[in-house]
Each structure stands twice: as structure tokens, then as C-alpha cells.
Amino acid sequence: MQMLLQTLTPYGGITVMFPAALVIGGWLWTSRSRTAALLWGLTLLVAYSIVVASKILFKGWGVALDSLGVYVLSGHAMNTCLVLTVGLSLLARQLRHSLRWPAAALGLLLGWLFSLYCVAPFIHPLAEAVAGALLGSLAACVFLACLEHHSGTRIPSTAVMTGLLLIAISSTTTKYNAEKLLDRISTGMSGSEEAFRQPQWRGTPPLESGSH
């Protein structure tokens with residue numbers, strides 16, 4: 001079971017979740033809710049910026065919440081809780097409008113299970129996985145609450161199928177992460193010779209695939 005969970009971990013990274021986030025933006029755009037699509041873009045910008053900022057601050061200057069055991073925010077956990085929650089809610093709206101919040105709750109549940117059982121044991125300590133999940137959950141709920149004030153038509157069936165196909169294709173590609181790039185950016189900004197590293201929190205080497 002542990003090996004199965006570990007093989008699922010990379011699917012929470014940017015190689016899969018960022019294309020899925022773009023698909024959601026496309027769905028909103030095709031439903032003639034341009035304002036909602038722009039709001040989704042802003043939500044992504046804020047959430048991703050917070051995760052990236054946490055990594056640059058730690059890697060470049062060693063800034064962290066030591067007392068809480070949080071050195072960086074988990075991008076995997078944030079991605080999963082944000083994208084699954086919003087994506088499932090939008091798809092549920094296609095079936096029945098009243099299902100939008102139950103579907104969002106299901107997305108949150110799946111996102112948290114992924115964070116606790118696929119992220120925390122393998123690529124982040126529990127505190128960092130929880131912090132990332134909290135950020136993604138908050139961003140998703142705020143976006144969906146704002147979406148209540150924007151009316152749009154149903155997403156065209158062709159757009160739904162095309163989007164799901166693109167997500168399926170992205171899930172089969174090689175999984176990459178941005179950690180080395182962030183290392184270079186952080187050290188370039190801070191002038192450090194090498195990036196700060198988290199204290200050893202497990203006995204096994206870190207998982208290489210997927211973004212942390």
C-alpha cells in the first residue's frame with residue numbers, strides 16, 4: 001500500500017495540476033463567465049506566489065517557521081486541494097447546480113487525504129503538507145464563494161471532454177519539479193553559495209519526481 005501511495009505522489013505536482021488548473025480556466029471562459037476566469041487566474045497567481053515565496057525565503061535566507069516545523073509550503077498539497085475542489089465543483093454544476101458544494105466537499109476530502117497519505121510521508125513533513133493543504137483549501141473556498149456572484153452558461157460538452165483529455169495526457173508525461181530552478185533563483189537573490197536545506201526529517205531519501 002505504501003508503494004502505491006508513493007507512486008501517486010507525483011500526480012499532485014505542477015506537471016499534472018497546473019495543466020488541470022489551465023483547463024479549469026478554459027472551462028470558465030467557454031461558459032461565458034470571463035470575469036470568473038480572470039478571478040480564477042488571480043486565485044492561482046496568489047496561491048502559487050505564496051508557495052514560491054515560502055521556498056525562496058527559506059532556500060535563500062533560511063526564513064522558516066521553525067517552531068511549527070514549517071520550512072516551506074507544500075506545492076503538492078496546495079495544488080491538489082485547490083484544483084480538485086474547484087474542478088469537481090464545476091463538473092458537478094454540469095449535472096445539477098445544487099451539487100456544487102457537495103462536490104467541493106468531496107474535492108477537499110480527496111485533497112486532504114492525498115496531502116496526509118501521499119505528500120506527508122514521502123516529500124514533506126506533516127506540518128508542511130498541512131500548511132499547503134490549508135492554503136489550497138482556503139483559496140478554493142474563497143474562489144467558489146466568489147463564483148456564486150457570477151452567472152455563466154453550462155460548459156460546452158466538447159470543452160469538458162477536451163479538458164479531461166488534456167488532463168489525462170498530462171498525467172502520462174514525465175513528471176518534473178521546479179526545485180533546482182528555485183534553488184538558482186534563491187541563491188541568486190540572496191547571494192548564498194548554496195540553498196538552505198530542511199533538517200533531515202526521515203530516514204529514507206527524498207522522492208525525486210514531482211514538484212515539492
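Backbone N, Cα and C define each Cβ position, glycine as well.
Unlike curated entries, TrEMBL annotations are predicted automatically.
Features reported for this protein in TrEMBL:
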- 12-30: transmembrane segment (TRANSMEM)
- 37-58: transmembrane segment (TRANSMEM)
- 70-91: transmembrane segment (TRANSMEM)
- 103-123: transmembrane segment (TRANSMEM)
- 129-147: transmembrane segment (TRANSMEM)
- 190-212: region 'Disordered' (REGION)
Tertiary contacts of the transmembrane segment (37-58) (same chain, 6+ residues out, Cβ under 8 Å): 21, 24-26, 28-29, 64, 71-75, 78, 82, 86, 132, 135-136, 139, 142-143, 146-147, 150, 179, 182, 185-186, 189, 196, 198, 212
Folded-back contacts onto the transmembrane segment (103-123), same chain, C-beta under 8 angstroms, at least six residues removed: 2, 5-6, 8-9, 12, 74, 76-77, 80-82, 84-89, 91-92, 129-130, 132-133, 136-137, 140-141, 144, 206-207, 210, 212
